[in-house]
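Feature annotations, courtesy of TrEMBL:
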REGION    1-53  region 'Disordered'
REGION    102-135  region 'Disordered'
COMPBIAS  126-135  compositional bias 'Basic residues'
BINDING   Gly212, Pro213, Ser214, Gly215, Ser216, Gly217, Lys218, Thr219  ATP binding site
COILED    543-577  coiled coil
Amino acid sequence: MFEDDGEAINRNRKMENGSPVQCPNTVTVRRNPPRRARATPAAKAAESNPPAAISSFPLQEILAMEVPQNPKDNSSSSSSSVQTPLSENLKVYLRVRPLQLKNLKKSRNADDQNSRSGHVWPQNPQKKKVTKEKNVKKKGCDACVTINDDHSVTVCPPMTLQESRRSKSEVYEGFSHVFSTESSQGEVYGKMVSPLVEDFLKGKSGMLTALGPSGSGKTHTIFGSPRDPGMVPLALQHIFRTESSDSQPLRSYYLSIFEIYSEKGKGEKMYDLSADGGELTMQQYTIKGLKEVFISKAGEAESLVACAMTKRATAITNANSTSSRSQCIINIRRVANQDEVEDTLNCAVLTIADLAGAEREKRTGNQGTRLLEANFINNTSMVFGLCLRSLFEHQRNPKKPLQKHFHNSLLTKYLRDYLEGKKRMTLMLTVKAGEEDYLDTTYLLRQASPYMKIKFNNVVEPSNINKRQLQTLFTFEEQKRTKYSVPEACSTEGKGHQEEGPLPHEEPLVKTDCKATKPSHSKMAERNHLIMQNFAKAIWQVLKQYRDKLKSAENENQNLREEIKNEKIRYFELEKQWKNSRCSTCSNSKEDYAEAASIKVVTSFESRSGLDEHRFNGVHETNTNSFIKVKESDGSSPCEDINNFSEPGEVEEAHINRVDETTPRNGCKTVKKFMYEEADDCCLTKNSTAFGTLQSRILVKYDSCSSVELDKFSEQDEESTSPESPSQEMSFIHCDAHECETQSVLDTPLYQPTSEKSERDISALNEDKEFLAKLSDSRHLPPTEDFASSQEQKHNIDVHCSELRADISSKLEKPKRRLLPASSTLLRDFSNMHVEDDIEVSKANRNGKKSAKGEKIRTQGNISLMRMLKGNHLF
Ligand SMILES: Nc1ncnc2c1ncn2[C@@H]1O[C@H](COP(=O)(O)OP(=O)(O)OP(=O)(O)O)[C@@H](O)[C@H]1O
């Protein structure tokens, strides 16, 4: 009994799952073994060259980007100031501290001795000469630093090091200016700080940093003393002197001062050194809670600084009786008033940093707390130097990334913009000229000499507002209100300040100053507009980068596609070669095909009784991915079975390649069944029309997997078949759906017999011939209703059978290596049935010629058969 469609589907599913079900009456036909899918070229490329990950959207960079200066401001500033170069080198000044008094006394004593000895007479002239040379050497070694000119110095090692030849004199040049020991504070200010202040007054930010070993005069230079004021007091005087010269004070100045200190090495802390200042915190490079004090007079500011210096951490060391233990930073911020329209965006900051000097343990004799402080000081100095060194190397070789050393200390975090070259900075190196300071001096000069080559390109001007400045600007108006209400101090940054009072726009401004009340939503809007404009530019740049990346990715994708295409072409060529090679070798050995996992063509004619059962499985070449099974149960007349094709075209649809062997079973009627392939994955069963004792079944089956099993005969079939009749089960057929190559059932031999099995194939073919002979004789059987209805087809098929027999005999004599599909053979045979002739005959009938009745019937059958073939797309 035939299995129903559900069973067939289940079977197909099982086969797809890799568990083919064996059917007793079928032979499993295995196609090519499943091959592991090769990695596509794209996958290979992806493995070999993983695409560069697209970096995330640099939001932080955009937020931190610098807003270009307003052209208005540029024009205004340029009109009022000297044009500054686009790029300028880091200015490095050197100040040599005078020798200490005891050293001076020593040298003076030596001179006195020499002079006194000069009065001794008589003297040995040779001895006098030697003494002179020694004195010269000694004199030279008292001051290890010799100033060559305004821009260079020579560092001479002390005698002990000279004699041991461990070091030589070194010349350091390229300084912006070298201040000798006699240089006064005013001179230093005039050459070093005054330009900075001038720029500051024009709205340009800048920073002055003092570097040098402990006791070298940094604090002295920066702050000075009441008698000898340093750079800060002089700068304040300069600023307010300039402001006072103007008819209308247009700007406001704020001063903030804080220190970074590590108490007992526990960690860096920031303290506000203003009057009521406390500990500060840093968030995202911004100091929170730092108070700015509005300053309107130089004296007021100087007193604030003096007060702050009293709060600064200092200690007595062997190197300095007033050694600074913290990094002190002073900010003087200049803010344009609202009436100064052109300078609206100007918000310059002058920063002066007095760093604690590096200390040598041997020199300072530090112990305990002092030693811990020294470690912090030295570490900060080292990080500061590393930042500048990294900036220098990055500028010299852009391929070298700019190392982010500034993360390693609070000081460098705060001065990040300066240490990354975004803001201008001026370095002041202070050294001591004593021979005992030779190591400290040479270390500093060696370290700082390359810094002179650091360039500041596109220096950020104060009008350029970045994220940090925006925070300050946001609180600017509030500071102004505070200024009028609390003139002494105001908080400038961050949350602390915002918590103290409402936002500027939340309440009316203080009434005391009309200018302060003007501010200015329009100006803020203008500022915001500029910021947004630059933000858009930054986004545009980022999008351009992404577009470039996308383009490159598309190109890569295109290349991979081409590779895939080439691979496919190569694959098809190889497949074609493989097919050809298989065709050529199929005649050699049947086992070869089995090993090649090709499709087996199995035909078995089985007797129902099993007494005369003979089963033969044949394997022949195939290039297809599917196969057709044909079950054939033949009754008394095989030819009737052929006529049982109830639907025209079924025979042609079954691309019968070969029936290897037929063996009728004893006592069973033969029922012919054809299982053939359709072009889809479904499993179809077509029952042909039964007539008489014969019954035909056509099972249309497509196997997408590697095996197909023969179907069982249904019980109904068994009942319909005669027990005496042999049952033939003929399986199976294979077709090539792609190449439309069909192989005739009787296209033989497929290969030269080289073994007993092959000979058995030949014998099977002979039996096929006999079977066809029976088919041809079947027309003599008494017709049934079905048979009568297909009378015309039977007649045609009879003719076809006879022609097939002749074809078989001819092909047996001339074995063909090329396999022809069954459908093509059938078509050829049908075309040989003179369809055109029939048409001509019908035409002739129109001309009055009579034709036989049988001829007329045959003509109609041929035409209908041709239509059937066309309808099944075999043409
Ligand atoms: N150019 C100078 N002329 C006269 N005295 C000076 C000069 N430079 C420094 N001194 C004196 O030297 C001493 C040490 O100077 P200063 O405290 O400025 O050193 P420093 O570099 O700040 O040391 P530290 O790093 O330990 O703080 C002070 O008493 C100061 O008066």
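Backbone N, Cα and C define each Cβ position, glycine as well.
Taking the mean position of the Cβ atoms of Gly212, Pro213, Ser214, Gly215, Ser216, Gly217, Lys218, Thr219 as the ATP site, the remaining residues of that chain whose Cβ falls within 8 Å of it are Arg97, Ala210, His220, Asn320, Gly357, Thr430, Lys432. All protein chains included, Lys218 (ATP binding site) registers 28 other Cβ atoms within 10 Å of its own Cβ. Taken residue by residue with DSSP, Pro213 (ATP binding site) is part of a strand. Considering only the binding-site residues Gly212, Pro213, Gly217, the Cβ with the fewest other Cβ atoms within 10 Å is that of Gly217. Per-residue pLDDT, averaged along the coiled coil (543-577), amounts to 92 for this model.
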